[in-house]
Amino acid sequence: MIPFVFLFNAGYAVAVTPLQVAYPLELWPFQLRSRGLSVAWMIMILALIFNVFVNPIALSAIGWKYYIVYAALLLSYGLVIFFFYPETRGRTLEISVIFGDVPDGLYSDELGTKQVVEEADAKYLG
């Protein structure tokens, strides 16, 4: 059982830990990113405090069965993420159009690229 705890921690550190910063930053509009990340970190710190103080008590009370609680929580988190979190793969950093923060077409990759090329040509080519 102990090797599986280490395997879980290794997988978590590689897959989930970087997303704790990256995903909330992608979800919040630019003006609210600092507040959104602060709220996300506050929730994570509260969860860590819960884990530090409650896990030893629960583990001593029900023993190995407490791992079933963790498995159920991970399954429920996975289902929530799968069904309710929007897909951000392949999107630009400003994906506010997906979440309805700005009207469609305000952030256009084609228009933005054309504008950057024209500005660069005007600046460097005269």
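A Cβ is built for glycine as well, from the same backbone N, Cα and C atoms used for every other residue.
Unlike curated entries, TrEMBL annotations are predicted automatically.
Here's what TrEMBL has on this protein:
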DOMAIN    1-89  domain 'Major facilitator superfamily (MFS) profile'
TRANSMEM  6-25  transmembrane segment
TRANSMEM  37-58  transmembrane segment
TRANSMEM  64-85  transmembrane segment
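Same-chain residues lying 6+ beyond the ends of the transmembrane segment (64-85) with a Cβ under 8 Å from its Cβ atoms: 1, 23, 55, 58. Averaged across the domain 'Major facilitator superfamily (MFS) profile' (1-89), the predicted model reaches a pLDDT of 86.
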